[in-house]
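Enquirer: This is the structure, below, for whatever I ask next.
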Amino acid sequence: MAPPMPLLSVRGSDGIQLVLGPPKFTDSETFQRDPSKNCKVSRFTKDGKLFGWCNGEVINIVNCSDSKLLHTLDLPKVVSLEFSPKNTILATWQTYTTGKDGTAGTPNLQLYDLKSGKISNVKSFIQKKMENWSPHWSDDENICARNVNNEVHFFENNNFDTIANKLHLQKVSDFELSPGEQPCKVAVYVPGSKGAPSFVRLYQYPNFSGPNSALANKSFFKADRVAMLWNSKATAVLVTASTDVDKTGASYYGEQTLHYIAVNGESAVVQLPKNGPIYDVTWNKNATEFCVVYGFMPAKATVFNLKCDPIFDFGTGPRNAAFYSPQGHILVLAGFGNLRGQMEVWDVKKYKLISKPTASDATFFSWCPNGEHIITATCSPRLRVGNGYKIWHYTGTLLHKYDVPANSELWQVSWQPFPDGVFPAKAIVYQAVPGDLPTQESKPAEAYRPPALRNKPVSSYKLHEDEPPQSMMPQSTEKPMSKTALKNQKKREAKKAAKQESKMDEPAESDSTNVQNNTPVAVNTGDPETDKKIKNLKKKLKAIEQLKELQSSGKTLEKNQIEKIQKEDILLKELEDLEIGV
């Protein structure tokens, strides 16, 4: 049986439409495009079976398989909607308003039953803030939770008339339910106050009382807000703690730290080698590793294991986001927003680079559920010009491109979701698949050069040195040597070093054919400053030769020693330029 073809919803100032995914890229034959210019919100259900949207007059809900209209709700002012995981409940939210005389407004958060045949309202709440407005359901819908007046209220089996449990701490600011099957776990965040630290605690529902009820606890002082991210197996949470102000003055955008908290009680601060903001944190589908993009530009990207040890370092580059494929076998590192849209597509198993496409001016990225295609889009209001979307194969081939008409805007694009297992992971290919569209982006305008420098060679000077990707795993798996073996190895190394020193002390041969003499004849230029530069360059080159000998003998060099070797060509060029000018 052929795998299904994911739909793509496209919402903008020209209305809303459903587009067939790869390989067709045509409008759905069954869905009738809604031309309303006021489509405020659209949403697929978690399993992708239903699709709903509000066009400024009514909410429509259709079946994705044949676009049959299932429900219509007369709710013209709705600006957000959400489906429960099993499509039992539809939650809608509209802006809270009070009466002209100051009287309390009507409930603006509505819950509707979609399973009873005829849609009906089951509960209404007052939810003043749009932030975190939607109730949180467990995947089996046995539990639903809301944050009400700094405490979490729990409902069971979608019975919203009775509060089954409450989680009350000092001031609960945010919470996250774990994914997956029962038992359900909840992570709660309480901000610090009056000198007390902020903290995140993990609980297992419904065990909220008692001194030992918390599964884990992590406190920290530098936190005005946090973002909590469960892994797919609900065994651990990553907490990105952020402050609004960086007291060190290193950044305008505050300070971030990353914390790891496991349900078995373990916790740790994830040590990031480079200073600067944390741009993105994402779990792999396998729940055993996560990727972090961090540091002042050019940013670093590193994969860590559950011990918070680095596995692989992707080096530095213009990036601020990371996206694992739904199957977890491919990782995309990208730089969107104020960056040029460069993407790096990596094979996660081999940590091998697959492709490096570029999506200029992109503000949105999403994997197709099949794990083979990705979409990049330029959406309003982030960018109001050049709106449109592109669909790529992960090998870097541009397969489809759509530009919205002039004076129109694109607001949202989203793939139709599918349950796990519908699209199994396929073998990764490195050869670009064929495509009809050119993938080459227009070259950016060259940097301005003053007239006096336009006929001179371009300097190779850089503000920073780019760091290459490297594995962070231990290089050797051999058993540790005994004390006697270590002693003998040290003796051999000392003997070898003494021998090399004695060789360097010997006078240089006068053979004119020996162009690689270790002690080249000193050049007297008559300029003390130039002589000093030449002497220093020769000293550095001599040290590099010694490092190369150690490397060829099998000794593992430090990172800074490898960087010195990589600069040999630059130093040789500088020395040549100085000696030519003599």
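The backbone N, Cα and C atoms fix where each Cβ goes, and this holds for glycine too.
Sharing the feature lines straight out of Swiss-Prot:
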type: REPEAT; residues: 21-63; note: repeat 'WD 1'
type: REPEAT; residues: 73-124; note: repeat 'WD 2'
type: REPEAT; residues: 273-314; note: repeat 'WD 3'
type: REPEAT; residues: 358-402; note: repeat 'WD 4'
type: REGION; residues: 436-533; note: region 'Disordered'
type: COILED; residues: 482-580; note: coiled coil
type: COMPBIAS; residues: 495-506; note: compositional bias 'Basic and acidic residues'
type: COMPBIAS; residues: 510-522; note: compositional bias 'Polar residues'
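Can you walk me through where each of these features ends up in the structure?
Expert: Counting residues of the repeat 'WD 1' (21-63) by DSSP class, helix then strand then coil, yields 0 helix, 16 strand, 27 coil.
In this model, the repeat 'WD 2' (73-124) carries an average pLDDT of 87.
Summarised by DSSP class, the composition of the repeat 'WD 3' (273-314) is 0 helix, 24 strand, 18 coil.
The DSSP breakdown of the repeat 'WD 4' (358-402) into helical (H, G, I), extended (E, B) and coil residues amounts to 0 helix, 22 strand, 23 coil.
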Enquirer: Restricting to the same chain and to residues at least six past its boundaries, which positions have a Cβ under 8 Å from a Cβ of the repeat 'WD 4' (358-402)?
Expert: 3, 6, 8, 10, 12-13, 21-23, 25, 48, 321, 323-327, 329-330, 332, 334, 336-337, 340-343, 345, 408-418, 422-423, 425-426, 429-439, 441-442
